[in-house]
Amino acid sequence: MGARASVLSGGELDKWEKIRLRPGGKKQYKLKHIVWASRELERFAVNPGLLETSEGCRQILGQLQPSLQTGSEELRSLYNTIAVLYCVHQRIDVKDTKEALDKIEEEQNKSKKKAQQAAADTGNNSQVSQNYPIVQNLQGQMVHQAISPRTLNAWVKVVEEKAFSPEVIPMFSALSEGATPQDLNTMLNTVGGHQAAMQMLKETINEEAAEWDRLHPVHAGPIAPGQMREPRGSDIAGTTSTLQEQIGWMTHNPPIPVGEIYKRWIILGLNKIVRMYSPTSILDIRQGPKEPFRDYVDRFYKTLRAEQASQEVKNWMTETLLVQNANPDCKTILKALGPGATLEEMMTACQGVGGPGHKARVLAEAMSQVTNPATIMIQKGNFRNQRKTVKCFNCGKEGHIAKNCRAPRKKGCWKCGKEGHQMKDCTERQANFLGKIWPSHKGRPGNFLQSRPEPTAPPEESFRFGEETTTPSQKQEPIDKELYPLASLRSLFGSDPSSQ
């Protein structure tokens, strides 16, 4: 960061930090904006050291300005940052970004007027293209500088890392600024993989070339001396034209920008490829119940860039779908902001929604609205703290106990109604589930059989002689008594009917 921070000196840095991002806004430029700009320039294969001088900033602005119409918001922010930095280097007093852009536009208009005046003075009315990579040498001839390996490497790396995501299109537009059809074909030929996408791109180029030939038929008759032939669709695509012919068309008066035309065809094909590689529709982008609003906005705008629609339609999608497809928590907040809220206000308002702090606040608000204590106890599901309603044993009414009863004292036991004892000494027992008093002290309880079943077989003594009939019956009693001891039966049921 030290190297990037050395772009401005002490006094220049103070001026930098006083310039506002927006007219009338509170936010001002910081050192982090310079660090971000230098990193973005490295992504675009541009030397960040150019930021240290005003001339370097002017060169960068000249490269970025043609791409502002088709570039992304990041590219526009980079252009604005470098424009303000240029004004600081030039010691031009500006208060905000808009004022810096106006100063640069005014300076560019002055330089154009000077160039036109100089051309009029020298009698040269032809306007010659000075776009890189076609430059004018010392002899005044227009020569072509081949595209650098560094630019090709940056393009290949973008395709390998991003595949064909929406940000590939502005990157291609920036790297191919002012390129000839031969340079554009070199960039396309360096793409090793994604041959299916390359085949789709070739088909789109062939369709556009055929449309060009249909709209621009060849004029009959010979070509006048000193005149160039009109380019066909295949000439624009660089397949049937030489580099010298391409330079001639681009520098002719009036010029035929074959490079820009071919570049427009390629971008049209890239848009189709991006749509194929991004099959998700903007209508399917919805915020998850626990997804941060910032991540949802990132997914939304990434998918929106792949949509093939006009800017008016995209603005309508942003205003409508961004709020409509948010989760219920964020949707409530966004609707409260109103339709005129900016994206910055939305992200600030929805920051932290879905986290533990937000859930705690929602729960606290819900609990504060509940004022009935009985409702709180029902929500907790805990009934142990609820008091049972008391009932007086003397008068039978609820709300007080017998000790505090004002009615005449009832005589006798409060349980059975008999006199001679109190309720604590009452011997009456409650009825069991069969409706009978238990234990009854009258034999077995009610859920036992009250009589034994009689055997259906004939008695044993009918099969024996007279002298042996009395012996088994005498021995049967002690056996029964040993099997069912009276002590254990009394402990369970009170008394045994066999002992009675």
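Cβ atoms here come from the backbone N, Cα and C positions, even for glycine.
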What residue among S148, S278 has an entry for phosphoserine in Swiss-Prot? S148
Looking at 12-19, 60-67, 132-139, 428-435, which one is region 'Interaction with host AP3D1' according to Swiss-Prot? 12-19
Please identify the range among 172-180, 217-225, 487-495 that Swiss-Prot labels region 'PPIA/CYPA-binding loop'. 217-225
Between the ranges 127-130, 387-390, 455-458, Swiss-Prot assigns motif 'PTAP/PSAP motif' to 455-458
For which of the residue intervals 83-92, 483-492 does Swiss-Prot record motif 'LYPX(n)L motif'? 483-492
Distant-in-sequence neighbours of the motif 'Nuclear localization signal' (26-32), which means Cβ under 8 A and at least six residues beyond its ends: 5, 13, 16-20, 81, 84
Tell me, how many other CB atoms lie within 10 A of the CB of S148 (phosphoserine), whichever protein chain they belong to? 11
As a quick check of your reading of DSSP, tell me how many residues in the region 'Dimerization/Multimerization of capsid protein p24' (277-363) are helical, how many are strand and how many are coil. 57 helix, 0 strand, 30 coil
Cβ-Cβ under 8 Å with the motif 'Nuclear export signal' (16-22): same-chain residues at least 6 beyond its ends: 8, 28-31, 34, 84-85, 88, 94-98, 100
